[in-house]
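If you look up TrEMBL, you'll see 53-460 marked as domain 'Major facilitator superfamily (MFS) profile'. Annotation source TrEMBL lists transmembrane segment at 54-75, 95-114, 121-138, 144-171, 183-204, 210-230, 315-333, 353-375, 396-419, 425-448.
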Amino acid sequence: MDIQQVPNTSQREHPAGTVLLKDKQDDAFDEIILHPIPTSDPNDPLNWSNGRKAVNFSIVCFYVLITFVFLDIPTVAYSQYIEEFGWGYATLNNAAASSFVGLSVGCIGFIPLVHRYGRRPIYLLSLALQLAGGIWSAKLNSSAELIVCALLSGIGGAISETIVQVTIADLFFVHQRGTMNGFFLCMQFTGAFLGPVAAGYVVVAMGWRWMWGITAILTGANLLVALLFFEETKFVPTLMGVNDLGTDDITPHREEPLSEDAKKQPVGPDASSVRMGPYFQRKSYRQRLAFITKTDTPIAHHFYQPFIIVYKVPAVAYVSITYGLLLCLFSIISSIQGYYMIAPPYNFDASQIGLFALAPFIGSVIGTFFGGMLNDRLSIWCAKRNGGIFESEMRLYPAMPSIILILTGTLMFGMGLSYSQPWPVLAVGAGIYGAGFVVIAGATLTYLTDSYSEPMPLLQ
């Protein structure tokens, strides 16, 4: 499929997330127009080579995988905790709740810093906190330590979903984001479901402390790789030149001479007039791995604005409620499976609890195709039928029939467990839920990223 780049034009007459993705004036009508419009600066992440993007995003995906291993393997060791320490369900439930508290508080505290100091330091801080939590978890001996370790791991993993959406918006164009979100969700479910499978065998063979020890080792490896190879994706444009008298427009830098029409084309409001120089210097390896990429961007409003946006912007409220409910159901299934299926009539041991997670993993792999690559292709097809105009709401079409999967899977698992049905019934229900989760989560997250990838104005 051919791809072309067009001059940046004002789209203030269209709702947020509406862009021209196909040029109907083109005879073939099969070229994709790039959005966001990349600059001519080689340091712009949108201009990075596919290989460079792949390295960066692979590190991010491994980070997501490890984070969800951390968050979802505690249930595998429940029977060992009960046997060794005599802890009841209330203690284990309190530990899970403290992890959720860390997830919520950490996201509110860390994400605003992404806008001031860049993505890289926050990724590294998240990994460092999880590494500390893993080492401590491997050595804990009291219920208080269990709760504090869960809280620390929750804080460390809090940004694992939000910052990835920021990174996807930094690196990829609109027509690629569905696929990238599919990969992200696949890694999320791989960590959440295959992590317990491996952890179950480790607990049986080596004990629960090594479950945390091996996870800490993998987290340390991810931290080392990120230190050496993960580049900052926050792009700070460089303007080179002098003010141009008598005009209010910015002329974007290009490799070739500008036409008279292009010189008159505005690319942003409230910008001073600058004639761009023809060359940009590519950053050195050391500069690309700078620990902090600081800007003077105000961030105070980012600490409270999410609470305002969620009830003033319906799209944000919809995605927040939808994704939040999906995660709640996922946490419920994971928690009660680890506690109730070790008792009669199932009598699962740690390895069997882990193996049960294969069912939702298989479902999530199937869902990845429909919620990722197929979503991108469907959006392009819809844009072509819409005169080349892409609307972010087109992302939501696959989500609507998937609601049936969520309801069916949840009811099969919950009622099957309540009525002591054979474990395959529960496994099928969990698998159906896994497929529906990925499709809906991929559609809604990509919809929100496409709609509001640019900073919102201050809301009071």
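Keep in mind that glycine also has a Cβ here, set from the backbone N, Cα and C atoms.
Contact check: the transmembrane segment (315-333) against the transmembrane segment (54-75) gives fewer than three Cβ pairs closer than 8 Å, residues 6 or more apart, which falls short of the contact criterion. Remark: the transmembrane segment (121-138) contacts the transmembrane segment (54-75), by the rule of 3 or more CB pairs under 8 A. Non-local neighbours of the transmembrane segment (183-204) in the same chain are 57, 60-62, 64-69, 71-73, 75-77, 80, 160-161, 164, 168, 210-211, 214-215, 330, 334, 349-355, 357-358, 360-361, 364-365, 367-368, 371-372, 434, 437-438, 441-442; each lies 6+ residues outside the stretch with a CB under 8 Å from one of its CB atoms. Summarising model confidence by region, the domain 'Major facilitator superfamily (MFS) profile' (53-460) averages a pLDDT of 84.
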